[in-house]
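A.B. asks: Per TrEMBL, compositional bias 'Basic and acidic residues' is recorded for 11-27. Feature annotation from TrEMBL assigns compositional bias 'Basic residues' to 225-234. Here TrEMBL flags 58-138 as domain 'KRR1 small subunit processome component first KH'. Residues annotated as domain 'KRR1 small subunit processome component second KH' in TrEMBL: 140-173. Sequence annotations record features per position, and here TrEMBL assigns region 'Disordered' to 1-42, 225-250, 283-309.
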Amino acid sequence: MASSSLNRPDTAARKSEFRNRKPKPENQDDSELLTVPDGWKEPAFSKEDNPRGLLEESSFATLFPKYREAYLKECWPLVQKALNEHHVNATLDLIEGSMTVCTTKKTFDPYIIIRARDLIKLLARSVSFEQAIRILQDDIACDIIKIGSLVRNKERFVKRRQRLIGPKGSTLKVRKVVLDTMKNIHPIYNIKTLMIKRELAKDSELRSQSWERFLPQFKHKNLNKRKEPKKKTVKKEYTPFPPPQPESQIDKELASGEYFLKAHQKKRQKMEAVKAKQAEALSKRQEERNKAFIPPKEKQVVKSREASTETKIDVATIKEKVKKAKNKKLGALTAEEVKLKMEADEKKKKKK
């Protein structure tokens with residue numbers, strides 16, 4: 001897995017041995033040579049710079065995956081047309097799955113073969129033709145970064161690679177940002193630093209000064225808590241003396257006196273020990289079997305005194321109820337009602 005990016009080179013990637021250098025003026029200061037004037041551009045390399053051409057033929061080849069075959073077959077005429085302008089031949093071999101570029105006798109630019117090599121590498125790594133063809137320009141350079149071996153854990157690798165992918169599949173265009181991202185440093189920190197540097201470069205007074213006081217200092221913080229082990233091992237106190245050697249079987253026999261016994265005595269002693277273990281096991285089994293025949297303890301029921309007093313019958317109250325029931329006939333008035341009725345009848349008679 002690799003991440004390809006296009007960016008502007010820091011210095012001109014040309015071979016200046018084919019140019020005529022002007023002698024340095026006597027009164028010129030060295031500090032003036034370190035700064036580039038604003039708006040200056042390197043002149044294009046023409047045939048006049050190298051009229052005799054190249055002495056040897058150079059060629060480069062690269063392989064491409066199977067899924068890129070259809071796209072390369074479709075755009076290959078455009079690739080040949082762009083390289084023919086620089087007198088470079090390009091061949092596409094679909095059987096072997098390779099692309100080859102080589103110089104010709106008419107090639108005058110010695111660095112164009114390097115750019116042609118980068119072009120076929122970008123095309124093999126799923127870069128579109130419209131973006132890859134820009135590598136033939138003088139002010140454009142590319143850098144292919146192999147990130148497959150930077151992170152061992154596959155899940156972490158996928159998460160950190162996702163930070164590099166921008167809108168519509170475009171990737172970040174600075175090598176340091178890509179490498180730091182795979183080291184778990186978020187790209188926003190480096191991008192902010194680059195933005196500050198771009199603003200400082202516009203100031204003519206600050207070009208020759210150190211920019212460290214303006215750049216932000218980001219400290220790496222690991223917020224993930226360390227997982228504690230389930231089984232904590234307690235370290236023993238250090239002692240310079242080695243641990244005592246364990247007793248061997250002979251030492252144990254000497255201590256118990258068994259070492260001096262004869263063979264038939266040792267055999268008899270072992271048989272007795274076996275019989276004792278068997279008898280103990282048999283007694284335990286018998287006890288477990290007898291537990292099933294032992295009746296459980298019954299709980300004694302104690303009658304409470306309160307219940308006995310409540311159940312006593314009140315004879316006097318029952319006799320009074322029976323008398324009242326005898327005196328009271330079905331539908332007859334009570335004694336009080338009879339008295340009231342008699343008083344009411346007497347009052348009526350007096351009125352009359």
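Heads up, the Cβ atoms here are built off N, Cα and C, so glycines get one too.
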A.B. asks: As a quick check of your reading of DSSP, tell me how many residues in the region 'Disordered' (225-250) are helical, how many are strand and how many are coil.
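C.D. replies: Going through the region 'Disordered' (225-250) residue by residue, I get 2 helix, 0 strand, 24 coil.
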A.B. asks: Suppose you look only at the domain 'KRR1 small subunit processome component second KH' (140-173); what would the mean pLDDT be?
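C.D. replies: Result for the domain 'KRR1 small subunit processome component second KH' (140-173): average pLDDT 77.
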A.B. asks: Tell me the residue counts in helix, strand and coil for the domain 'KRR1 small subunit processome component first KH' (58-138), as DSSP assigns them.
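C.D. replies: Secondary-structure breakdown of the domain 'KRR1 small subunit processome component first KH' (58-138): 40 helix, 17 strand, 24 coil.
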